[in-house]
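Undergrad: Next up is a structure, given as structure tokens.
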Amino acid sequence: MELRHCRIHISPVLGIRLIILAGIGSCVFVSSFSSEEALHNSNVEPNAAHCPETYISKSYFKKHAYLLDPDFQDFMAHELHTGSCEALQDKLNLVPRLSILHQHLIGEGSHRRLSSSIRFKSLPESLPEVPAHFCEAIIIERLPSGVFADPFELQHLLQRGVFADAAVFGDINLELPSFRSNRSIVEIHLDIGPNILSGHKNEVEINIELPLHARYPPLGKRGFSAVQFGLPDLFLRCSIEGKSHNESCLFMSTHGGAESQVVAAVWEVPCGIKEHEGVVSVITFITAIVSALLIVLTSIHYSDITDCNHLKQS
Amino acid sequence: MSAMKNISFRNLLVFSAFLRLFLIIYGEWQDTHMEVRYTDVDYLVFSDAASLMASGKSPYQRSTYRYSPLIAFLLIPNSIIHHSWGKFIFSASDLLVGLLIHTILKLRGVPQSISTYCAMVWLVNPFTFTIGTRGNCEPVVCAMVLWIIVCLMNGNLLQAAVWYGLVVHLRIYPIIYALPIILVLDPLYFQSGKKPAVIDWSSSRIKSAFKSSSTKGGDPHHTWVSLTRLVTVRRLMFGLVSGAVFFCCTGFFFYLYGWEFLHEALLYHLTRTDPRHNFSIYFYHIYLQYEHEFSALEKLISFLPQIIVQLVLIFRFAQDLPFCFFVQTLAFVAFNKVITAQYFVWFFCLLPLILPWCSMKLKWKGLACNFLWMGAQTHWLIWGYLLEFKGKHVFIQLWLASLFFLAVNTFVLISIIRHHTYSPVFKRLERVGSKKTS
């Protein structure tokens with residue numbers, strides 16, 4: 001009863017908050033709730049006419065239960081409407097692309113950061129006639145099952161303004177070992193800036209550090225299990241000012257040319273050794289039983305002794 | 001003299017309160033200025049769950065929230081008043097634990113100065129005062145367990161039963177106290193219309209040597225009599241009321257939040273087998289076996305030491321209730337399949353209650369036990385650090401460190417039992433008792 005009573009008092013406060021949120025109703029605001037769960041839970045959904053699905057990966061998981069590389073490649077090739085952009089119809093080949101410069105892991109142990117360096121390079125011919133626009137880089141990391149990103153940690157980074165948007169999709173159970181878990185996707189959005197397509201900046205280099213955590217790997221023979229990363233999928237999304245409404249244009253960057261030289265990171269995670277199985281089980285149980293017996297024997301034999309002379313005189 | 005001692009306990013309480021206030025404020029500073037947060041990760045989970053609850057949603061939408069919704073409910077003001085609200089609640093409970101330790105010892109006739117020293121073991125223990133100020137909910141559970149002891153000592157069985165049902169709903173582990181409570185509700189001590197008589201600390205010191213054989217819970221004859229008299233009105237009442245409170249709370253939250261609540265808050269804790277490294281000796285075995293299902297025999301073997309130790313301790317020490325709770329909890333944690341550092345608070349809050357009956361001298365045996373226990377823990381933490389933060393393959397060393405930690409826990413437990421002066425809490429009410437037994 002007390003609980004319900006309290007909720008009545010609270011809901012108006014929250015209601016007001018939601019009204020304010022709905023009033024603002026912009027894509028940017030909604031994105032501040034960006035973990036997969038938070039988006040699902042939020043009552044405030046972006047207006048579909050002006051703002052397409054914030055997260056590309058969310059569309060994938062609407063159709064697929066698990067992350068499988070062939071499915072995702074198929075999804076990118078056929079279901080993402082990349083390159084269709086009215087405002088830039090005849091200049092699509094002039095739109096600059098993003099490319100990955102290098103990817104490596106920082107730190108040691110079970111909690112490390114995947115550092116990726118991404119380059120945005122303007123083409124020699126800029127597009128002066130493009131209407132006012134704002135672009136963001138979208139980085140999609142398809143994580144191997146041996147690692148996970150903590151959505152709540154990402155939320156913390158979002159609050160600190162490290163990313164414009166970030167969300168985790170797929171298996172977000174943080175506690176399962178890798179042989180019981182499925183893969184997940186981390187999608188990060190970073191603001192590149194206004195009117196970048198028509199600007200004269202030659203090159204922008206973006207560094208991102210994504211905190212990741214190792215799951216317990218399957219048992220092995222040599223004591224370490226290699227977790228192999230893939231290169232991220234890169235997109236450029238620009239919101240271009242139109243007459244009636246803003247148009248959102250999505251451009252995909254493919255790894256080609258010099259970029260293919262980039263070596264994806266590998267994480268060596270310590271793993272249990274299968275040969276330990278028998279010895280560990282036997283010694284564990286013997287230790288438990290011996291300890292238990294010692295306590296039992298002490299309780300039976302020594303609880304009778306109540307020597308007052310030894311009492312602590314404090 | 002007595003007034004002066006009273007003031008000194010009050011001073012201790014005031015000092016402890018300021019210490020906690022300072023730590024909460026310091027925690028705020030560290031959280032904003034340093035990479036490593038002072039606040040416990042669980043506190044952020046509680047806060048998220050509380051804000052979900054405030055908006056009418058299930059707290060279990062916050063993954064890894066594995067507590068009763070009551071904890072999230074307590075922390076609803078976190079998102080309305082201040083995000084440190086919960087830390088104040090937990091630290092206040094932590095102070096309340098200090099106060100209750102003092103109250104229980106006073107009820108048992110322990111001199112003021114000794115009670116104050118004992119309360120100090122909890123109040124100025126760095127391990128415990130950081131728990132509450134970092135935002136861990138365990139002090140609430142500890143305060144409830146101690147309050148149940150106070151209620152039993154004052155003869156408030158109904159209240160004790162209500163709190164007991166609630167505390168088992170909050171955190172399942174106090175279920176291990178059910179049997180000793182039932183055993184202590186003996187008609188020899190509890191009679192209608194009478195407040196149970198508590199044995200005075202000083203008299204127990206004098207009489208325990210010659211009265212021990214007749215009052216000991218461990219006496220086989222006494223145990224047999226206790227068993228035959230097991231079904232009494234008070235015991236039934238305690239069982240029914242606490243059971244009703246437990247099932248009402250659980251049923252109410254099941255109605256509100258469904259299976260998710262049952263899975264996260266109850267079943268998860270009952271069936272938890274964590275393959276990730278923790279203080280338990282079983283962690284590496286569980287990891288190595290995780291790819292296949294555990295056989296019934298394996299489950300039984302790992303459960304057997306736990307249940308045997310619990311039963312023996314209960315039947316030996318039930319009448320010395322606080323001591324029984326302490327040894328039970330220490331053993332329960334030591335033999336558990338999962339052990340995290342926060343579980344140690346469960347027996348830390350009971351330790352001051354047994355010290356006045358402990359003949360172990362602080363110099364040097366007491367200190368040796370203390371350092372041995374801390375050393376075994378630190379030794380484990382070093383290997384744990386090398387595995388988790390340096391990525392070294394040290395599973396075997398870490399598992400051996402867990403075995404050593406169990407060995408040290410066993411040694412400490414045995415030393416405590418050997419140096420304990422068995423002292424039942426309640427005085428036998430001879431007249432009615434003799435009628436009933438004859």
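Each residue's number is its place along the chain shown, starting with 1.
A Cβ is built for glycine as well, from the same backbone N, Cα and C atoms used for every other residue.
Just lifted these from TrEMBL, have a look:
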- B:1-27: signal peptide (SIGNAL)
- B:88-108: transmembrane segment (TRANSMEM)
- B:144-166: transmembrane segment (TRANSMEM)
- B:172-190: transmembrane segment (TRANSMEM)
- B:236-257: transmembrane segment (TRANSMEM)
- B:330-355: transmembrane segment (TRANSMEM)
- B:367-386: transmembrane segment (TRANSMEM)
- B:398-417: transmembrane segment (TRANSMEM)
Undergrad: Taking residues 6+ outside the transmembrane segment (B:398-417), which of them lie with a CB under 8 Å of any CB in it?
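TA: Residues 277, 279-281, 283-284, 326-327, 330-331, 333-335, 354, 358, 360, 365, 369, 372-373, 375-377, 379-380, 382-384, 387.
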Undergrad: Give the nonlocal contacts of the transmembrane segment (B:236-257) in its own chain as ranges (CB under 8 Å, at least six residues past its ends).
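TA: The answer is 58-60, 68-70, 157-158, 160-162, 164-166, 168-169, 178, 181-182, 185, 265-266.
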Undergrad: Apart from its near flanks, which chain residues at least 6 from the ends of the transmembrane segment (B:330-355) lie with a Cβ under 8 angstroms of it?
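TA: Contacts with the transmembrane segment (B:330-355): 97, 101, 104-105, 114, 117-119, 121-122, 125, 127-128, 131, 136, 138-139, 141-142, 145-146, 149, 173, 176, 272-274, 278-280, 282-283, 286, 302, 305-306, 309-310, 313, 322-323, 377, 406, 409-410, 412-413, 416, 420.
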Undergrad: In the same chain, who gets a Cβ under 8 Å from the transmembrane segment (B:367-386) while lying at least 6 residues past its ends?
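TA: Result: 277, 279, 341, 360, 392, 394, 397-398, 401-402, 404-405, 407-409, 411-412, 415-416.
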